[in-house]
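Peer 1: So that we are looking at the same thing, I have put the structure below in structure tokens.
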Amino acid sequence: MCASCLHNANAASFLMETFSRHRLNFICIGKMNIFYNVTSLDNKYSFHNPSAPVPHSSHALSSRQAHFTSFRAPVAPPSRPRRSQLPSSAKLLYCFDSSFSTEKRELMLFSMNFISSQTCVTFEENCSIPNRVQLVNGKGCSSYIGMNNIVQHLTFNDTCIDFGTAVHELMHALGVIHTHSRLDRDNFLNINLTNVSKEMMHNYAIFNQSTNVVPYEYGSTMHYYANISTMFPKKSEYSATLGIGRVTFYDMVILNTAYNCKCPNELLCGNGGYTNPSKCSECICPLGYGGVLCDRPSLIGKDTGLPLEVKDKIIEVKVVGIDNFFSYPTCLINGLEIKYMGDPRITNPIYCSADLINGKSFRSKLNPLLMNIHTLFGKNKVTFHYRYVTERLSGYNKTTNGYDNYEYYD
């Protein structure tokens, strides 16, 4: 069967009054378990004018993209602590500096509320306690890692006004390191330190005292952008996924594990979800799943319909073509993610270049199969063929991610 999906997502028209990172629309395509998920990103914090021509030159970068090419360079002093130090409790004290604009305050408060809605971590404004984070307008976007019993600066200038970057720096203050500083990072990245300047070298240091609690997540908001001369994923299909700034399911798992966030009674959440420690009556679901127990696709919108069950079948998708996708060093502007991997929680490769995905086929270990599109603005079109094959999912072995007990088809 063939399907063509067309979506006009001018985020400015319906999201300018919010700081929401995404808005979800699931549309049932055809008569199989395929769901098309449009994520319209909020361009209140994007540095892009939807009505202006989008540059195609790799040198014509927006402020935020230029910031990615410098890898969100921390500018803390050379004595910046390298060991992750968790705050003594799940409460982070902060104070807004007088230099911090109203817009940045609103974004930071929204980002804090997002983290609190997914974890047991809370934030309290307190400008008198020494052990606090002082949010200041300064050079670049940076934060110490963990708390150090001092008034420490979280620097957030005008190139940082973005939800993913705000969460990134707050997670640093909460003790979370960069993904590419994990002990096992060399299993997933090729890094050429000869091309890294001395002042940037600390950004590539491995934390020997760190503890991994989730699989390596190329899509994490804690991961820097890929650069062929310095850092590139060993799974090359992830080259445009690194650094897009999307806050992932596993990002919040890190915080919940680090702070031992739990509910008195655990719900039986489906599809890899888990009980929300901030609201114990519901589950936190991987992107694309909904319901109180994450037991169904998250259908939002009119006339979405219901899928025809094709139980125990592998679904195959072939992308015929993508149109009006803008390919930059990352899929920051827009991207297509086909959830074909067995773990519904992990970020799959995200594509925004027709040269890399047109004609490419995927066989999914998930049924139903989810397809995610995120976009800042514009009209994106995806045309694909899909079918189910005679091979059965139950013929595959089940495995776990090595960090928890949830099983999925390998």
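Quick reminder: no glycine exception, Cβ is built from N, Cα and C everywhere.
The following feature annotations were taken from Swiss-Prot:
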- Glu169: active site (ACT_SITE)
- His168, His172, His178: Zn(2+) binding site (BINDING)
- Cys120-Cys261: disulfide bond (DISULFID)
- Cys141-Cys160: disulfide bond (DISULFID)
- Cys263-Cys283: disulfide bond (DISULFID)
- Cys285-Cys294: disulfide bond (DISULFID)
- 73-262: domain 'Peptidase M12A' (DOMAIN)
- 256-295: domain 'EGF-like' (DOMAIN)
- Asn37: N-linked glycosylation site (CARBOHYD)
- Asn126: N-linked glycosylation site (CARBOHYD)
- Asn157: N-linked glycosylation site (CARBOHYD)
- Asn192: N-linked glycosylation site (CARBOHYD)
- Asn195: N-linked glycosylation site (CARBOHYD)
- Asn208: N-linked glycosylation site (CARBOHYD)
- Asn227: N-linked glycosylation site (CARBOHYD)
- Asn397: N-linked glycosylation site (CARBOHYD)
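Are these features on the surface or tucked inside, and what are their neighbours?
Peer 2: Within its own chain, Glu169 (active site) has Cys141, Ser142, Ser143, Leu154, Phe156, Cys160 as residues 6 or more apart in sequence whose C-beta sits under 8 angstroms from its own. In this structure, Glu169 (active site) is part of a helix by DSSP.
Cβ neighbours within 10 Å of His172 (Zn(2+) binding site), excluding its own Cβ and spanning all shown chains: 24.
Residues within less than 8 Å, Cβ to Cβ, of Cys261 (disulfide bond) and separated from it by at least 6 positions along the same chain comprise Ala90, Thr119, Cys120, Val121, Leu255, Pro277.
DSSP assigns Cys141 (disulfide bond) to a strand. Other Cβ atoms within 10 Å of the Cβ of Cys141 (disulfide bond), summed over all protein chains shown, number 24.
When Cβ atoms from all protein chains are considered, those within 10 Å of Cys263 (disulfide bond) total 15, not counting its own.
Secondary structure from DSSP puts Cys285 (disulfide bond) in coil. For Cys285 (disulfide bond), other Cβ atoms within 10 Å of its Cβ number 26.
Mean pLDDT across the domain 'EGF-like' (256-295) comes to 96 in this model.
In the three-state DSSP reading, Asn126 (N-linked glycosylation site) counts as coil. The number of other Cβ atoms within 10 Å of the Cβ belonging to Asn126 (N-linked glycosylation site), over all protein chains shown, comes to 13.
Cβ-based neighbour count (10 Å, all protein chains) for Asn157 (N-linked glycosylation site) stands at 18.
Sequence-distant neighbours of Asn192 (N-linked glycosylation site) (same chain, six or more apart, CB under 8 Å from its CB) are Ser229, Thr230, Met231, listed in sequence order.
In the three-state DSSP scheme, Asn195 (N-linked glycosylation site) falls into the helix class. The Cβ of Asn195 (N-linked glycosylation site) has 12 neighbouring Cβ atoms from other residues within 10 Å, across all protein chains displayed.
Counting every protein chain shown, 9 other Cβ atoms lie within 10 Å of the Cβ of Asn208 (N-linked glycosylation site).
There are 18 other CB atoms within 10 A of the CB of Asn227 (N-linked glycosylation site), with all protein chains counted.
If you take the C-beta of Asn397 (N-linked glycosylation site) and look for same-chain residues 6 or more apart in sequence within under 8 angstroms, you find Tyr409, Asp410.
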Peer 1: I'd like to confirm something. Which of the binding-site residues, His168, His172, His178, has a Cα closest to the Cα of Cys294 (disulfide bond)?
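Peer 2: Checking each of His168, His172, His178 against Cys294 (disulfide bond), the shortest Cα distance is to His168.
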Peer 1: To the nearest whole angstrom, state the Cα distance for the pair Asn126 (N-linked glycosylation site) and His172 (Zn(2+) binding site).
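Peer 2: With distance taken Cα to Cα, His172 (Zn(2+) binding site) is 19 Å from Asn126 (N-linked glycosylation site).
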Peer 1: List the recorded positions among Asn157, Asn227, Cys285 whose C-alpha is within 10 Å of the C-alpha of His178 (Zn(2+) binding site), in sequence order, or say none.
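Peer 2: Within 10 Å of His178 (Zn(2+) binding site): none of them.
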Peer 1: In whole Å, note down how far the CA of His168 (Zn(2+) binding site) lies from the CA of Asn157 (N-linked glycosylation site).
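Peer 2: Counting only the Cα atoms, the answer is 14 Å.
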Peer 1: To the nearest Å, how far is the Cα of His168 (Zn(2+) binding site) from the Cα of Asn227 (N-linked glycosylation site)?
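Peer 2: One finds 19 Å between the Cα atoms of these residues.
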Peer 1: Pull the DSSP breakdown for the domain 'EGF-like' (256-295) and write it out as helix, strand, coil residue counts.
Peer 2: 3 helix, 6 strand, 31 coil
Peer 1: For Asn227 (N-linked glycosylation site), which of the recorded positions His172, Asn195, Asn208, Cys263, Cys283 has the nearest Cα in space?
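Peer 2: Minimum Cα distance from Asn227 (N-linked glycosylation site) across His172, Asn195, Asn208, Cys263, Cys283 lands on Asn195.
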